[in-house]
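Listed in TrEMBL for this protein:
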REPEAT    205-247  repeat 'WD'
REPEAT    249-291  repeat 'WD'
Amino acid sequence: MESAKYVSQKISKTRWRPVSYSSLQQPDIFAIGSWDNEENKVSVWSIGNLGSSGLEDGFEGDPQLICEHEHYGDVLDLQFLDQERIVTVSSTGAVTIFRHDQNSQTLSICKQWARAHRYPCDNAPSTGVACNSPEIVTVGEDGRIIVFRVDQEAVVRVIENADSSTLHAVTYLRTTEVLTVNSIGQLKLWDLRQQSNSPSQILSLSRDRVPLYCVDRHPNQQHIVATGGQDGMLCVWDVRQGNMPFSLMEAHSAEMWEVHFHPTNPDHLFTCSEDGSLLHWETSSPSEMPSFLQGGRNSSMTSRSAMAPAGGIQSIISAWLYGDSSKSRLETTHMLPSQTLSVNSLDMLGQCLVCGTDGEAIFVNRQVPV
């Protein structure tokens with residue numbers, strides 16, 4: 001089931017609210033942030049049956065606006081801190097925590113660090129945020145990494161000159177370790193236990209210094225990360241081995257804005273791009289594929305840099321790193337009807353995918369085969 005909703009604003013970020021895996025609940029609430037509009041907003045939407053929460057005209061499947069709040073500046077990144085709180089970073093350099101009150105269905109600002117990222121005489125856009133409650137880490141165009149705690153007013157730590165170029169994204173590798181990507185094609189690992197302002201490791205695309213815009217960590221194998229950037233290539237890295245990507249795959253014809261491993265089934269991966277496409281990548285061995293997936297896939301193609309070995313569960317663990325392309329392959333499926341405008345953001349949880357575009361539309365697919 002796929003639905004499209006036009007929202008009269010360009011969407012920069014979209015994220016599902018986390019669900020408790022023990023409840024086997026499908027995600028039903030997501031947040032979006034806008035950019036490049038006269039007035040930008042953060043808004044919370046539902047795809048569930050809203051009758052139970054007291055909202056009228058609830059229609060199963062069609063995204064319904066629950067609440068919204070103005071946002072000063074473009075929303076350049078957005079993450080759920082927990083079930084109630086959403087963290088955004090802004091083109092103004094601000095870092096803001098919004099609270100979604102699920103009783104009154106309102107959105108309000110509960111904390112803000114106004115000029116967290118800045119140049120000596122001006123604000124610097126804050127470009128990325130990662131959350132590991134109660135901790136929040138942000139990066140920005142000013143090359144700084146800032147660590148906050150939700151229960152403290154003061155900033156916990158600033159790594160002043162973490163980078164001489166723009167930092168575009170950040171993710172946690174472990175509780176005490178984060179990974180950043182920058183505009184000259186480098187990944188840097190930072191051990192937050194160390195007082196040093198130097199990275200513990202630097203990996204690089206080396207060749208053309210192509211800017212990297214997005215990064216995601218494999219949910220089970222913290223040493224495996226995927227990145228994307230200006231040239232539209234999907235890169236998979238093993239941070240334990242060497243300082244070059246393990247594999248490079250041609251993914252998009254323009255900038256890749258986001259890459260996400262599926263959080264519970266990481267042999268599935270999703271990417272979206274300025275070229276208007278959203279791709280679903282799946283590592284599989286032909287013998288392991290259900291018959292209904294063999295052939296008949298829309299726009300499927302096989303990549304020569306396929307990564308999965310045959311061998312049951314082992315292939316899920318290490319499918320992105322090892323393999324023999326004669327035994328296995330990488331299937332790629334286009335998830336959207338032909339698009340012309342940029343797909344800026346996507347998020348995947350359970351079988352539910354949501355994405356937001358410069359065409360002022362949200363797309364929700366609730367039956368992704370993962």
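Quick reminder: no glycine exception, Cβ is built from N, Cα and C everywhere.
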Per-region confidence, the repeat 'WD' (249-291) (mean pLDDT, whole number): 86
Tertiary contacts of the repeat 'WD' (205-247), as residues 6+ beyond its ends and Cβ separation under 8 Å: 166, 168-174, 179-187, 189, 253-264, 266, 269, 271, 273, 275, 281, 305, 307, 317-318, 320-321
